[in-house]
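Visitor: Before anything else, here's the structure in question.
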Amino acid sequence: IILTHSCFLLPDSVFTLKGDSGSASRAVRLDCVKASEQCLKEYSCSTKYRTMRQCVAGRESNFSAVHGAEAQGECRSAIDAMKQSPLYNCRCRRGMKKEKNCLRIFWSIYQSLQGNDLLEYSPYEPVNSRLSDIFRLAPIIAAEPASTKENNCLNAAKACNLNDTCKKYRSAYINPCTSRVSTSEVCNKRKCHKALRQFFDKVPTKYSYGMLFCSCPTGDQTACAERRRQTIVPVCSYEDKDKTNCLSLQNTCKTNYICRSRLADFISNCQPEVHSISGCLRENYADCLLSYSGLIGTVMTPNYVRSFGISLSPWCDCSGSGNSKPDCDKFVELFTNNRCLRNAIQAFGNGTDVGVWQPQPPIQPTVDPSITRKGKARTNNALDALTDMTKLDLDGNSLYHICGTLQVKFFTKTTPNIQKLNVRNICYRYIKKQQKPVSKTLG
């Protein structure tokens with residue numbers, strides 16, 4: 001959809017939260033473990049399921065060439081039958097019981113139906129949350145903006161220690177991640193990774209995100225950012241003796257169901273988009289942050305690569321890539337040069353999506369004589385985009401996504417408050433006009 005001064009992609013929620021069809025599809029979707037159990041109870045489904053699994057295994061041993069056209073026909077019939085079964089649209093939940101088994105089933109179905117080994121779709125059930133919900137947590141940790149002298153990363157660590165759940169799971173990973181195994185091994189990396197995954201799966205995000213995505217004051221970047229970088233104990237969970245090639249690391253990741261799934265989830269939810277105001281294809285910062293944190297505790301664990309700014313990368317490089325260098329560079333840029341991920345971290349760390357975008361009664365602004373032409377022009381673009389947006393048939397919750405990301409594109413530290421209030425008032429009036437009860441729209 002092209003607007004007068006800007007272009008953005010409407011979030012998925014515009015189409016899935018508003019209509020009945022989206023809600024219905026979510027209601028009947030099973031996790032892959034339950035879907036498999038249900039299929040195996042039915043003779044027709046279980047027969048086709050077993051045939052399909054034999055066909056997948058047979059690809060490795062040239063099954064179709066040996067058994068001819070008849071076998072190929074049986075394979076096609078089995079795959080078509082699976083499209084009508086509960087297994088076709090099954091998903092998994094991060095941190096669920098039997099997660100690994102669920103993911104194994106998902107990928108066996110996916111590879112059969114798609115016929116490739118690409119990481120195009122996430123195996124995880126989408127998390128239904130408004131964009132602003134996740135950012136409402138940020139001010140709990142960072143009561144003041146990042147430009148103050150507050151060390152929000154230190155405050156986040158203190159907040160974690162005051163919460164029983166956060167303290168429990170943080171201690172559970174600190175121990176294996178800091179205990180030397182031998183003179184040559186600084187730790188047991190496998191145990192460290194498992195404990196880190198449990199931390200980010202079990203601890204409320206207002207504490208785990210507060211430590212991982214905290215903002216740092218401009219006057220004291222180094223100490224604060226280093227504390228943030230040390231959150232995952234990188235000497236054990238992240239660093240290694242040598243840096244492997246990133247494509248080789250990706251291939252290693254794909255052999256493990258957990259790592260493969262977390263990487264696919266990250267690629268899907270943090271996909272950057274140049275024409276999107278937020279910088280994200282899916283227009284959802286919350287899902288991007290969740291999928292990024294899900295990578296921590298796998299061989300693809302990313303981290304901040306230096307104690308200044310937001311620069312992220314797995315422990316790998318593209319040396320020795322040969323003819324695959326362009327592919328390697330493209331993969332690495334999903335971390336090092338990802339506008340969607342960077343904007344999501346900045347927005348959470350600053351708590352900006354809440355302070356400005358949560359609907360509040362309109363405030364009558366007073367004229368600020370210090371308005372600059374540059375700031376006025378940038379915000380006029382946002383106003384024009386919002387004016388065109390109000391002509392669309394969107395529900396209130398969808399507008400949370402759009403209003404909540406306009407600030408990233410158009411506002412700077414020098415943007416006058418009067419301009420921010422103008423944009424906020426437009427959002428407030430239209431959201432209140434269109435808004436439905438959250439319990440109904442989010443199901």
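For all residues, glycine too, the Cβ spot is worked out from N, Cα and C.
What you are looking at is a predicted structure, and each value in this text was computed from that prediction instead of being measured.
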Visitor: In TrEMBL, C187 is disulphide-linked to which residue out of C224, C236, C246, C253?
Guide: C236
Visitor: Of the cysteines C153, C280, C288, which is paired with C214 in the disulfide recorded by TrEMBL?
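Guide: Its disulfide partner, as TrEMBL records it, is C153.
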Visitor: Looking at TrEMBL, which of C160, C192 bridges to C177 via a disulfide?
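Guide: Looking through C160, C192, the record in TrEMBL gives C192 as the partner of C177.
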Visitor: Among C224, C318, C328, C340, which cysteine does TrEMBL link to C280 through a disulfide?
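Guide: When TrEMBL is consulted, C280 turns out to be bridged to C340.
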Visitor: Could you check which of these disulfide-bonded residues, C39, C259, C280, sit within 10 Å of C236 (disulfide bond), going Cα to Cα?
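Guide: Hits: none.
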Visitor: With C280 (disulfide bond) as the reference Cα, tell me which of the disulfide-bonded residues C39, C187, C224 is the closest one.
Guide: C224
Visitor: Are there disulfide-bonded residues among C45, C166, C214, C246, C270, C288 that sit within 10 Å of C328 (disulfide bond), Cα to Cα? If so, list them; otherwise say none.
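Guide: So the list reads C246.
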Visitor: When the Cα of C340 (disulfide bond) is compared with the Cα of each of the disulfide-bonded residues C177, C216, C253, C270, which one is closest?
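Guide: Nearest listed residue in space: C270.
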Visitor: Where the distance is taken from Cα to Cα, which of the disulfide-bonded residues C45, C153, C177, C192 turns out closest to N350 (N-linked glycosylation site)?
Guide: C153
Visitor: For a quick check of packing: other C-beta atoms within 10 Å of the C-beta of C192 (disulfide bond), how many?
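Guide: There are 26 of them.
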